[in-house]
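Student: Before we start, here is the structure in question, set down as structure tokens.
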Amino acid sequence: MKRKIVIAVDGTAGSGKTATFNTVAKKIGYEFIDTGLMYRAFTLLCIESEIDFNNKEEIIESLKKFDFSVKNNKPHLNGKEVEKRIQENDIVKFINYVTPIPEVRKFMVEAQRAMVKGGGYIEIGRDITTVVLPNADLKIFLDSSVEARAERRFKQNERLGIKNNNLNEIKNSIINRDEQDFKNGLRKAEDAWLIDNSNIPIQDVVNMVIDKIKELEGN
């Protein structure tokens, strides 16, 4: 009987982590966890509980009522599916009140570790390969050149009909985001598999990763 493994994924913004590894998870029957959604779900809990976001103690106390899970690759808050709700503007408005709190960060890291016990999970997010899951069975750092990421974003904006779509502005935005992320600790773990998908179609990356997972599972 094959064993299910734990896969940790980090990488640069806009490199396609979600699209790539959500696809991998669906193809091999694993659960996909975007840890950033945990913070969004917790922000939603605080909103629904009418927490004063200027009161850190109230926010920390709310962690006792927070139960996050993933079922069929969809985020659930206290048993309720919240995939669309946590993308709404009020979440974006208030999330920065909760993410800097050390007690919230500590709670989330412990939860992120506990969720993947037993294997069968792909987890992506901040510090996943270096801090959260340093002993994951497979660690991957997904990267892509600034030019490739900007071109993809530009084409995506075109498809969505977004106005003021400027390639150079997108490039500068990506460069600034990279600088900020690396300043805040983004780095490739020494034993992580570096995949540069600048010139590789997403489906080819998906197939490469699935082959590696099957190898580690003992297939």
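Just so you know, glycine gets a Cβ as well, placed from its N, Cα and C.
Feature list, courtesy of Swiss-Prot:
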- G11, T12, A13, G14, S15, G16, K17, T18, A19: ATP binding site (BINDING)
Student: Check G11 (ATP binding site) against DSSP and tell me helix, strand or coil, would you?
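Tutor: G11 (ATP binding site) sits in a strand per DSSP.
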Student: To test your reading of the ATP site: which residues beyond G11, T12, A13, G14, S15, G16, K17, T18, A19, same chain only, put their Cβ within 8 Å of the Cβ centroid of those residues?
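Tutor: My list of surrounding residues reads T20, L142, S144, R149.
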